[in-house]
Amino acid sequence: MAGGGVAPPGGGDVNRVEAPVTIKAYMMCVFAAFGGIFFGYDSGYISGVLAMDFFIKTIAGDDATALPSRDKSLITSILSAGTFFGALIAGDMADWIGRRLTIIFGCTVFIIGVALQTASAGLGLIVAGRLVAGFGVGFVSAIIILYMSEIAPRKVRGAIVSGYQFCICIGLLLASCVDYGTQDRTDSGSYRIPIGLQALWAIVLAVGLFILPESPRFFVKKGKLDLAAKALASVRDQPIESAYIQDELAEIIANHEYEMAAVPHGSYFQAWAMCFKGSIWEGSSYLRRTILGTSMQMMQQWTGINFVFYFGTTFFTQLGTIQNPFLISMITTLVNVCSTPISFWSMERVGRRSLLIWGALGMCICEFIVAIIGTVAPDNDNAVKAMIAFICIYIFFFATTWGPGAWVVIGEIFPLPMRAKGVALSTASNWMWNCIIAVITPYMVDEDKGNLNAKVFFIWGSLCACCFLYSYLLIPETKGLTLEQVDQMLAETTPRTSSRWVPHTTYAAEMGMTEKGKVGHVEHPSGDESV
């Protein structure tokens, strides 16, 4: 593979394909996870704003006591619609200008959307602002997972990407706290403060990413091996001459060349069509991976978690026996935040597959219990308290399993030639189903529509039962493997046998790249020496 004048190094030792984890490498990944804060905040603030008296009167008129279902559906879902398209566009941009610059661009677009929403005094501008902000969230939510997965050391990759979900939870909690603090204001600050504050998170992320290095795997994809070596040395906190850097870079290069030879790449449209090549019955085919990634994100939305975070405040209001729905929403969000760090340990200790299987079962049981209690004794104070308790337990199961787990797996299952597009398609699937659920939920639960109330949890519980079967049959175990080893595992196992697979060779050895080569600083022909 030509590029940048660097002779590819190599190594065939499956146990030494990556450098030990250092504090610097760890902190780089931790900061990248910060992107989850404004993703979570943006998802969370709308639940409280939709229930604010001043906002309701601003949108629906001075005599209104609640937003019409159509307005509630439009305001909530339009962000997800924008995010769907933003995630798809981000897949191209990440392969064109790089993972890091795509995220920075997404932050800029998001800030523009926030400014439009903050300036709004009616339905039109807030819908337009949420649509624009959605494009920005799409860029960031798709590519931050890609970026983190590509730079994170394999031994802590699950924990690091789980940290992204933790930051989403922190964003949700911050949104609930701000909503709680401004709910009683009798001016436009009641909704403008929660909306405007989210621009701060995007600014922090964008500024920080100017300092962080680009993904070395992006430079390998571009053929800029000198820059790939510099970037890899930076994220692993090792000198370029280190054997660890030589071995890992050789493995990345060899895996990329193997995939390029196995699946020829052509024009722009052929590159997208590549994502759908192969047999659905072949575990390592591009089509199978695309279906796995997109369906996993669909399943995450089917758990019903965003019903609680998007419409929790209005749902608790409709129960009629809760004096402060805003406080209950904040408590459920706090449960989410406190539970998620458990996944930092369990994702690497227990594994992705087992967590997703048992998490789906736990959520299924809790949701059916909530639905049964709410149907049998809807007006009983003690029954409502029991419902809230099981909703919190359900959130615990989600926060420790499917919340982080779905993001971890989609960052690991795609090969380098299609990784940006695969993660983008998967993230777009998440937001498409997010949008669908946001559109239909008000019509299912509002008093003048379906009026399901707690019965809606029969639907979410049934869908979680589907998640349980899906996890058992289709999700592979990727714990403890490099991204290149995941490719080998998918080719050689089935999901149910994947947890027993161990690496036995490297792509570098198979491609005849086991002879060491010196990786030094070589100026790229373009003159670009930045990382």
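Quick reminder: no glycine exception, Cβ is built from N, Cα and C everywhere.
Residues or ranges marked as domain 'Major facilitator superfamily (MFS) profile' by TrEMBL: 28-479.
The transmembrane segment annotation in TrEMBL covers 25-41 (among others).
The feature transmembrane segment is assigned by TrEMBL to 74-94 (among others).
Remote same-chain partners of the transmembrane segment (101-119), defined as residues 6 or more beyond its termini with a Cβ less than 8 Å from a stretch Cβ, comprise 35, 38, 42, 82, 86, 90, 93-94, 125-126, 128-140, 143-144, 147, 192, 195-196, 198-199, 202-203, 205-206, 209-210. The feature transmembrane segment is assigned by TrEMBL to 101-119 (among others).
Annotation source TrEMBL lists transmembrane segment at 125-147 (among others). When Cβ-Cβ distances below 8 Å are used as the criterion, the transmembrane segment (125-147) is approached by residues 32-33, 35-36, 38-39, 42, 59, 74-75, 78-91, 93-94, 99-100, 102-103, 105-119, 161, 164, 202, 205, 215, 407, 410-411, 419-420, 423-424, 427-428, 430-431 of the same chain, each at least six residues removed from its ends.
Among the features that TrEMBL reports, transmembrane segment is placed at 159-181 (among others).
The feature transmembrane segment is assigned by TrEMBL to 193-212 (among others).
The transmembrane segment annotation in TrEMBL covers 302-320 (among others).
According to TrEMBL, the feature transmembrane segment maps to 326-344 (among others).
Beyond the transmembrane segment (356-376), the same-chain residues lying 6 or more positions past its ends with a Cβ under 8 Å from any Cβ of the stretch are 303-304, 383, 386-387, 390-391, 393-394, 397-398, 400-402, 405-406, 409, 453-458, 460-461, 464-465, 467-468, 470-472, 475. The transmembrane segment annotation in TrEMBL covers 356-376 (among others).
According to TrEMBL, the feature transmembrane segment maps to 388-410 (among others).
What TrEMBL lists as transmembrane segment is 422-445 (among others).
Residues annotated as transmembrane segment in TrEMBL: 457-475 (among others).
For the transmembrane segment (388-410), the list of distant contacts is 145, 157-158, 161-162, 164-166, 168-169, 292-293, 296-297, 299-300, 303, 305, 308, 328, 331-332, 335-337, 339-340, 342-343, 346-347, 352, 355-356, 358-360, 362-363, 366-367, 369-370, 373, 422-423, 426-427, 430, 467, 475, 478: same-chain residues at least six beyond its ends, Cβ to Cβ under 8 Å. Of the two recorded stretches, the transmembrane segment (326-344) lies close to the transmembrane segment (159-181), with three or more CB pairs under 8 Å once pairs fewer than 6 apart in sequence are set aside.
Looking at which of 25-41, 193-212, 422-445, 457-475 has the most CB pairs under 8 Å to the transmembrane segment (159-181), the answer is the stretch 25-41. A Cβ distance under 8 Å defines the sequence-distant neighbours of the transmembrane segment (193-212), meaning residues of its chain 6+ beyond its ends; these are 28, 31-32, 34-35, 37-38, 41-42, 45, 48-49, 100, 103-104, 107-108, 110-111, 114-115, 117-118, 136, 140, 171, 175, 178-179, 182, 185.
In this chain, the transmembrane segment (25-41) does not touch the transmembrane segment (74-94); fewer than three CB pairs sit within less than 8 A of each other, excluding pairs fewer than 6 residues apart. In the predicted model, residues of the domain 'Major facilitator superfamily (MFS) profile' (28-479) average a pLDDT of 86.
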